[in-house]
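Quick notes on the structure that follows.
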Amino acid sequence: MSRQILGPFNRVEGDLEVSLESEAGRVTAAWVNSPMYRGFEQILVGKAPSDALVMVPRICGICSVSQSVAAAAALADASGARMPPNGERAVNLMLATENLADHLTHFYLFFMPDFAREAYAGQPWFDDIAARFKAVRGAATAEALAARARFFRIMGLLAGKWPHTLSIHAGGSARAVGPTERVRLLSMVREFRAWLERHLFGDRLEAVTAIDSLEALWAWADTAGPAASDLGRFLQLCRALDLGALGQAPGVPRYLSHGNYPVDGVPGFARGVWDADAAAVTPFDAADVAEDIAHAWLAGSATARHPLEGQTHPDADKADAYSWCKAPRWRGHTVQCGALSRQVVDGHPLARDLVMQGGGNVMSRVIGRLLEIARVVPLMEQWLRALAPGEPFHVPTTLPDEACGTGLVEAARGALGHWLVVRRGRIHNYQIIAPTTWNFSPRDASGVPGALEQALVDTPVGAGDTMPVAVQHVVRSFDPCMVCTVH
Amino acid sequence: MNVLWLQSGGCGGCTMSLLCAETPDLMAMLADAGIDFLWHPSLSEASGAEAVELLSACASGARPLDVLCVEGALLRGPHGSGRFHMLAGTGRPMIEWVRELAGRATHTVAVGTCAAYGGVSAAGANLTDACGLQYDGDASGGLLGAEYRSGSGLPVINVAGCPTHPDWVIETLLALALGEFGAEAMDALGRPRFYADHLVHHGCSRNEFYEFKASAEKPSDLGCMMEHMGCKGTQAHADCNLRPWNGMGSCTSGGYPCISCTEPGFEEPGHPFAETPKVGGIPIGLPTDMPKAWFVALAALSKSATPKRVRVNATADHAVIAPVNRKTGLK
Ligand code: SF4
Ligand code: SF4
């Protein structure tokens with residue numbers, strides 16, 4: 001048996017260290033450590049509740065809008081505010097822009113460059129993949145960055161700037177859209193659609209979302225357009241390297257989604273927990289969530305607490321702790337979350353088939369994200385068409401001096417929740433569970449490892465390999481965001 | 001010119017902002033200017049031991065280091081140990097790495113307000129003891145100390161902003177690569193003057209409302225946000241309304257006040273961000289170089305002269321009254 005510590009893990013957002021135990025070329029146990037702590041939950045205490053809208057986006061520069069939306073939702077829950085239809089759609093557009101840009105950044109800049117590493121030189125597909133995806137120098141890097149920057153003009157117009165906009169409020173968006181601006185926004189979405197259809201998919205978005213099974217996906221991959229696309233290239237790698245068998249976490253068959261993109265108060269993507277063993281969705285109730293700090297460098301109660309009663313007090317010397325990350329649990333269970341979970345809970349047939357056949361794994365998590373890109377762009381077009389310039393985008397709200405609120409949203413990486421308690425007009429408690437807190441949680445009090453810790457078990461590691469590339473695929477397949485994790 | 005980029009107590013947003021640069025090929029543009037990223041946590045291939053080797057070589061001087069960029073605040077706690085941020089895989093606090101590397105770098109650049117002054121990471125009671133590279137809020141010092149000078153003889157260059165505008169970073173690096181960035185290019189807080197010699201107020205699309213003190217009262221109103229909404233555009237050093245964000249935006253055009261994110265201490269304004277503190281009904285944070293009495297007199301005058309169009313539009317989310325067409329005789 002050998003033990004090794006891997007880090008720094010780059011091309012993830014933030015800081016990550018992984019310890020592995022392995023035997024006979026396979027990982028037997030993993031410990032995931034988030035080695036940086038800033039303490040946003042304490043920073044917020046005592047501030048005016050509206051100041052959360054300034055502070056929380058700065059938890060994370062890659063999903064700052066998701067943090068804003070969660071804070072606005074918590075404030076709305078606490079005040080009984082309801083966004084007008086224009087406000088809902090404008091916020092959906094901002095959130096969708098960020099989520100899709102994140103998926104793009106992840107695929108092109110964070111995930112694919114690993115297949116262009118020396119470890120794969122000599123593979124029959126290597127030259128093509130390296131020319132396209134090599135870190136910094138690959139042709140796709142330049143193309144994807146340019147497409148991303150162009151797509152983010154939506155945020156320039158609708159949000160002033162990205163990251164860290166302040167236009168999202170409990171009562172809607174502070175930036176109303178005029179008639180010609182609506183047309184201009186539509187042209188930006190179309191430009192992005194055209195880019196995706198040419199480079200990422202090699203096909204119409206509607207054709208991609210119509211793929212309803214793994215079998216249909218392979219058949220689609222073999223046709224000419226898709227074969228020359230970036231998704232086609234990825235599927236070719238899935239076949240060559242059997243990525244559908246890598247990074248499974250059979251002990252974590254629960255897929256959580258908070259649901260996203262409400263229109264008239266009804267989420268566009270459903271909320272719930274998909275239980276793969278029972279092949280059924282269970283309704284999600286925020287009362288079923290608790291956070292455990294047994295192995296986190298945090299002082300306080302040994303029993304798991306609901307976030308409204310949650311505490312966050314650093315204790316760097318705590319025995320048995322190995323991460324700043326808490327261990328959130330749903331009904332006491334470890335769950336996984338992310339785009340795949342979102343699509344599974346929402347019932348997309350391809351996502352369900354992927355999970356029924358191989359669970360969460362490197363291939364299904366990446367497909368989940370790309371499928372989501374294809375599904376959300378047409379929604380953006382719909383929301384834009386439905387905007388009604390002249391009608392309000394924001395309604396004023398007032399928050400009572402004593403209140404509590406829950407804000408649930410889906411960031412690109414999965415389920416994000418904010419819990420807020422206001423006393424005498426000031427923030428009394430603010431607790432956050434980020435997607436990567438779920439996925440990269442440490443062991444809980446009963447010793448049950450988090451989703452990544454389980455997914456890493458069985459991953460092949462070469463003797464003397466200081467940074468096994470398969471481990472990197474598994475880690476990055478979750479698209480972790482470590483700055484969010486411990487905030 | 002090689003560049004090593006590290007992230008510590010920040011959100012990664014300054015990197016994400018950099019990747020929004022308005023150029024068809026950011027990497028090629030930098031490469032063409034002779035700028036080469038030795039390592040960047042979001043972009044580079046090298047992971048784990050390979051990355052640590054590279055950092056060690058720079059820290060020991062075995063590999064020359066032209067520019068050290070640090071994004072995020074430096075977390076000195078708990079009790080000066082730096083354990084709130086250990087550099088993964090090294091068992092050493094990030095502040096030790098940064099001290100060593102800064103001692104070798106020809107230029108040291110703080111990217112973003114966190115790295116410059118502490119920023120949001122230093123907000124509240126600052127339990128992590130966060131500070132900037134060479135400032136702790138507006139007090140000189142920080143991690144490296146007031147006396148610190150990089151190999152070039154310059155103090156830390158503070159490309160402040162939360163996040164920084166992509167061009168502020170790129171143009172600073174380009175100027176360094178050209179050898180055209182000296183002490184005179186920095187303001188009193190170490191910020192590049194090419195953007196810090198402007199105020200956010202310059203070029204703000206709400207300037208007509210400002211002139212007449214026609215004020216916004218709630219989010220989504222079109223009026224000037226100085227009087228009631230906490231906008232600090234008249235005091236914040238940055239060219240946000242002259243140099244668009246994400247192709248066409250700025251905070252004030254996005255519908256919300258400037259919170260002066262390029263200034264030390266912006267994270268603790270001493271009042272709710274979206275409210276203007278006032279004494280006797282007069283905002284306390286007036287334009288920096290305007291005597292208060294003058295401001296009060298001019299505001300009273302301009303308020304009394306506000307055209308109906310400007311007054312009505314100020315509290316609406318779209319222009320309710322358009323400027324009238326008038327035969328002017330001008331051709
Ligand atoms: S300055 Fe702002 S955007 Fe930059 S790292 Fe710090 S919090 Fe993030
Ligand atoms: S307008 Fe103000 S708050 Fe916005 S980016 Fe510029 S300096 Fe920062």
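Glycine is no exception: its Cβ is also placed from the backbone N, Cα and C atoms.
As given in TrEMBL:
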{"type": "BINDING", "residues": "A:Glu41, A:Ile432, A:His487", "note": "Mg(2+) binding site"}
{"type": "BINDING", "residues": "A:Cys60, A:Cys63, A:Cys481", "note": "Ni(2+) binding site"}
{"type": "BINDING", "residues": "A:Cys63, A:Cys484", "note": "Fe cation binding site"}
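Mapped onto this structure are the features recorded in TrEMBL.
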residue	record	DSSP class
A:Glu41	Mg(2+) binding site	helix
A:Cys60	Ni(2+) binding site	coil
A:Ile432	Mg(2+) binding site	strand
A:Cys481	Ni(2+) binding site	strand
A:His487	Mg(2+) binding site	coil
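Filtering of the binding-site residues A:Glu41, A:Cys60, A:His487 by Cβ separation from chain B (threshold: under 8 Å) yields A:Cys60, ordered along the sequence. The two recorded residues, A:Glu41 (Mg(2+) binding site) and A:Cys484 (Fe cation binding site), have Cα atoms 12 Å apart. Ranked by CA distance from A:Cys484 (Fe cation binding site), the binding-site residues A:Cys60, A:Cys63, A:Ile432 have A:Cys60 at the top as the closest. A:Cys63 (Ni(2+) binding site): 34 other CB atoms within 10 A of its CB, across all protein chains. All protein chains shown were included, and the count of other CB atoms within 10 Å of the CB of A:Ile432 (Mg(2+) binding site) stands at 28. Cα-Cα distance from A:His487 (Mg(2+) binding site) to A:Cys481 (Ni(2+) binding site): 10 Å (rounded to the nearest whole number).
Counting only same-chain residues at least 6 apart in sequence, those with a Cβ under 8 Å from the Cβ of A:Cys481 (Ni(2+) binding site) are A:Val12, A:Glu13, A:Gly14, A:Cys60, A:Ile62, A:Cys63, A:Ala411, A:Arg413, A:Ala434, A:Pro435, A:Thr436. Cβ atoms within 8 Å of the centroid of the Cβ atoms of A:Glu41, A:Ile432, A:His487 (the Mg(2+) site) belong to the same-chain residues A:Gly39, A:Phe40, A:Leu44, A:Ile59, A:Thr312, A:Tyr430, A:Gln431, A:Ala434, A:Val486, site residues excluded. A sphere of 10 angstroms centred on the C-beta of A:Glu41 (Mg(2+) binding site) encloses 22 other C-beta atoms.
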